[in-house]
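**Student:** Copied straight from TrEMBL:
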- A:6-30: transmembrane segment (TRANSMEM)
- A:51-74: transmembrane segment (TRANSMEM)
- A:86-104: transmembrane segment (TRANSMEM)
- A:116-146: transmembrane segment (TRANSMEM)
- A:171-199: transmembrane segment (TRANSMEM)
- A:211-235: transmembrane segment (TRANSMEM)
- A:241-258: transmembrane segment (TRANSMEM)
Amino acid sequence: MFSEPYMVHAFVAGTVIAIVSALVGTFVVARSYNFLTHSLSEIAFAGAAMGFWLGFAPLMGMIALTALSALAIGSLENAKVKSDNVTSAISALAIGLGILFLALGHSSSSSATGILFGSVLGISLSDIYLLLGMAALVMALILFFYRPLSLLAFDEEGLLMSRNKKGLLRIFFLLIMALSVAISSQLVGSLLVFVLVTLPAASARTFQKSVVGLIGMSMFFALFGTWMGLSLAYLTNLPTSVFIALIEVGIYLMSLLMQKMN
Amino acid sequence: MKTIIQVDHFRAAFGKKVILKDVSFTLTDDQLVVILGENGAGKTTLVTAILNAALSQEKTGAIQVQAENVAYVPQFRDLGADYPLSIRSFIALGVRNYGLPWLSKSEKQHVADAIQRFDLEAIADQPIAMASGGQKQRAYIAQAVAKQPDLLILDEPSSALDSEHTLALVKQIRQVQQEQKMLVLWISHDTSWVKGKADRYLWLHNQEVDLGLAKELPVAADSTHREEVNHVF
């Protein structure tokens, strides 16, 4: 399997994506931003389609639109506007725009499929470098702001900060989330982002009771699903995201069962 | 003795309704001050203003707070049934909100001390969601104390406790306040323990504030007295 360069690329990309998604996902699930993750992934679809239309890398389009949406959603949250309805409206608009951009760019249906369901087996070396750079940035930001981000996610009432600083931190967190959604979309596609961002972190809650433990267990589940998914895709010639989704859902159901048994 | 809070002609109003009209007082470190007053007297308004002044570190407002490290335990706090962290992790989480992820040796010791001080050792590694109301309350206070604050604000921490547990909590807070030389502001409706255990009272009534020695608590500010009067009528 590893004699094929495309599989080596896929494993490198998958490993990086799984680590970043699980890391960010731990904070996302703690803050109950699962729905927002799904909305951001739809926005990422529009961003990638915009990239195809305007002729730049789809990942850059994803980052641009998800980051812009994160700023808008964060500002609404800080202004205490009930953001769920607004987020739904933004999602609907994003899907509409995505279809429009694909039509304007005369993109093939395989381009759309790649965005929606992921295309990690066709990932190029330059895309991997871009992914590595983005992943390093997200991990460095989380390391540097780990303590305030942990409090924001796990105990916002315990985060004693002035209103302005807290507002900025919320927007900063959403921007990190937007970046990780854009990164994760490369592997499982924008439709299945929550498979890697939220499911491993949600499953980890049955087994771990500390923030570091949750991050570690979440990474383990994400990596397991990704490596198994890639291997099964290679062996069966079926799409990678199908297997990753099945494995992560399986782990989640097993964690629920174990939670009930305890 | 160091001044922690200086309030100079502070006024608070909601629209046309004046809550506090012209309040001035100074509080120093190494004290346990109980904030008393009827519902709507402005206790939460005053404490919120103090907290905001401490966090924004404004130098020009009517309230000046000279505290590097502030801890606040709100009256209502529920982490929910699916909250994932253990009591130990929850306490460690609150120790610091800046800097590197890992705790120093002394910070770990502060967490361990807080767990021991508030009798949480036996359940420290259990999920906080599974703890009883009283255990959760102690965990919230332990998290605040583990921060080693100069100023600790407790908003009715004993409202769900019976008198025996209230006295035990007062004793624990008193001990930590004396050992760590902090100013503790304790909002309370129950004044039964104030005369014997607190240093000062801050009584909010008629849009004004009275500051005095706890042992000289006025009869009108004493909830035990008010309860007796209510009982008679």
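Positions of Cβ are set from backbone N, Cα and C atoms, glycine also.
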**Student:** So, taking each listed stretch (A:6-30, A:51-74, A:116-146, A:211-235, A:241-258) in turn and counting its Cβ pairs to the transmembrane segment (A:171-199) that are under 8 angstroms, which one gives the highest count?
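**Tutor:** The stretch with the most contacts is A:6-30.
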**Student:** Quick check: do the transmembrane segment (A:211-235) and the transmembrane segment (A:86-104) share at least 3 Cβ pairs under 8 Å, counting only pairs 6+ apart in sequence?
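**Tutor:** Not in contact, no.
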**Student:** Do we see three or more Cβ pairs under 8 Å linking the transmembrane segment (A:6-30) and the transmembrane segment (A:116-146), pairs being at least 6 apart in sequence?
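**Tutor:** The transmembrane segment (A:116-146) and the transmembrane segment (A:6-30): touching, yes.
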**Student:** Who are the chain neighbours of the transmembrane segment (A:51-74) in space, where the CB to CB distance is under 8 Å and they lie at least 6 residues beyond its ends?
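**Tutor:** Apart from its flanks, the transmembrane segment (A:51-74) reaches 36, 39-40, 43-44, 83, 86-87, 90, 94, 101-102, 104-105, 107, 111, 115, 127, 130-131, 134, 167, 170-171, 173-175, 177-179, 181-183, 185-186, 190.
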